[in-house]
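Visitor: One structure, pasted below without further comment.
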Amino acid sequence: MKFPGRRKLKHYFPVSQPKPILPSIDVQPDKDTYIVGLDETIVDVVANVSDEFLSQFSIHKGLSNLVDTDTASAIYRELAAQGCISDHFAGGTIGNTIHNYSVLADDKSVLLGVMSANITLGSPAYHYICHTSSKVDMNHLQGVSGDIGRGITLITPDGERTFAIAPGDMDELNAEHIPENIIAGSAALVTCAYPLRHQGKPIKQAMLTALEHAHQHQVPTVLTLGTKHLVEENKDELLDLIKRHVNVLAMNELEAEALTGLSDPLQAADQILEYVDIVLLTAGPDGMYLCGYTDDTVKRETTNPIKSGRLADFNRWEFSRPMLRSACQNPIKVFSHIDPYMGGPEKIRNTNGAGDGALSALLHDISANHFHKDSLPNSSKHAAPFLAYSSFAQICKYSNRVSYEILVQNAPRLSRGLPEREDSLEEAYWER
Ligand SMILES: Nc1ncnc2c1ncn2[C@@H]1O[C@H](COP(=O)(O)OP(=O)(O)OP(=O)(O)O)[C@@H](O)[C@H]1O
Ligand SMILES: O=c1[nH]cnc2c1ncn2[C@@H]1O[C@H](CO)[C@@H](O)[C@H]1O
């Protein structure tokens with residue numbers, strides 16, 4: 001082979017040197033830092049519609065609606081006839097979260113779920129694979145004969161997104177495809193409550209098995225609630241699952257209210273902290289809350305202005321780092337809140353995936369702590385068994401920033417990482 005430019009022969013094949021080790025794509029539990037996500041694999045079929053279109057098919061705005069095959073086909077036909085399907089994006093709330101994690105961390109993650117065994121051009125599975133980061137290890141997926149799920153994503157003129165979900169084979173994932181060793185070596189396991197609405201399907205048991213493995217191997221477990229009516233319809237079962245298996249619970253304010261009956265996000269988070277160690281609660285234009293525990297001996301006071309809501313001076317200890325409640329001798333609750341980055345974008349393209357983006361940033365912080373602890377166990381950063389690398393306030397900033405990035409684009413997944421250094425917020429703000 002001829003190489004371009006002038007080279008010395010000995011540089012062509014440096015046989016006296018050991019072969020360079022090529023980075024492997026497969027996750028290696030003893031070497032890599034990674035997270036595992038279990039999801040209903042779904043491709044989002046995006047269409048812009050009017051509010052009347054939603055009423056025509058009795059679709060509840062802002063929520064994830066399960067539809068049967070006939071209704072899905074009728075919606076699809078109508079959208080195709082009106083020519084308003086704009087895109088196919090890989091979706092699924094956990095698929096989005098771990099893809100974003102891999103983009104932000106520039107590191108590996110593992111996806112557990114199903115995938116069509118035979119993928120044809122233009123099929124849902126094809127779109128899914130095309131739009132997923134190569135750092136997401138898909139070697140543990142279960143092959144199925146049919147299609148993955150289709151999430152018809154209906155965007156109304158206000159930018160709000162509503163789903164009509166046609167499940168396909170997305171719920172066929174079975175417990176035999178849950179690799180215990182991969183979960184045991186991970187920095188966190190993240191999954192969602194959606195499988196609970198498919199009671200007779202194998203995915204529910206697969207999810208429980210994954211959570212049990214994580215629990216057994218002291219891997220932090222993260223659950224996201226999905227959508228409001230799912231919480232309303234499965235509240236008791238969900239609460240039971242949360243109390244037994246979940247460390248970090250993510251939700252929006254509607255799901256928090258459905259779970260607790262409390263419309264005030266702070267009060268809802270306060271109550272949910274009786275069951276879990278960290279609560280990530282996103283509240284659309286009202287920003288987000290990150291709440292949890294730290295030990296009294298390592299609490300740190302904020303230098304930000306003190307805020308009060310239904311709880312007085314609630315953000316006082318937001319410069320503390322999260323800990324498992326069981327790891328604290330004297331646990332204290334910590335609450336942090338942040339308004340949308342730069343007051344929110346001037347134009348929201350699509351809110352789809354904004355909450356998933358926030359969660360991926362939190363997961364990145366948790367895995368960074370795991371990595372740092374593995375590399376430098378004696379560092380003062382690990383003087384106490386913290387769950388995350390940064391403080392509640394800092395994680396809020398990061399999560400909020402990622403959500404902003406999702407709001408200004410059409411897809412629910414990041415196409416690139418965040419800039420290393422942000423412009424000064426003030427300058428960028430006043431320039432626009
Ligand atoms: N209208 C808005 N204006 C400003 N910021 C917003 C708006 N909507 C969302 N955000 C930002 O995005 C974050 C997450 O949004 P939201 O609460 O809508 O998530 P979500 O309902 O869980 O979304 P999804 O389920 O689609 O991932 C908010 O905490 C906020 O920072
Ligand atoms: O029933 C479901 N199961 C799994 N993911 C879902 C379901 N409904 C909607 N989404 C996913 O949620 C993401 C935004 O948070 C969307 O990308 C959509 O695919």
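Each Cβ is built from the backbone N, Cα and C atoms, and glycine gets one as well.
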Visitor: According to TrEMBL, ASP39, GLU40, THR41, ILE42, VAL43, ASP44, GLY92, THR93, ILE94, GLY95, ASN96 bind GMP; which one of ARG197, ARG244 is listed for that same site?
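Guide: It is ARG197, as the record lists it for that site.
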Visitor: With THR282, ALA283, GLY284, PRO285, ASP286, GLY287, ASN400 listed by TrEMBL as ATP-binding, which of these, GLY309, GLY353, GLY355, GLY357, is given for the same site?
Guide: GLY355
Visitor: Less than 6 Å between Cβ and the nearest atom of ligand 2 is the rule; apply it to the binding-site residues GLY92, ASN96, GLY287.
Guide: GLY92, ASN96
Visitor: Which number gives the other C-beta atoms within 10 angstroms of the C-beta of ASN96 (GMP binding site), all protein chains shown included?
Guide: 29
Visitor: Reported as an integer number of Å, what is the Cα distance between THR41 (GMP binding site) and ALA283 (ATP binding site)?
Guide: 26
Visitor: Max Cα distance spanning ASP39, GLU40, THR41, ILE42, VAL43, ASP44, GLY92, THR93, ILE94, GLY95, ASN96, ARG197 (GMP binders), Å?
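Guide: The widest Cα-Cα gap among those binding residues is 20 Å.
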Visitor: Counting only residues 6+ away in sequence within the same chain, which have a CB under 8 Å from the CB of GLY92 (GMP binding site)?
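Guide: Expected: ASP39, GLU40, THR41, ILE42, GLY113, GLY149, GLY151.
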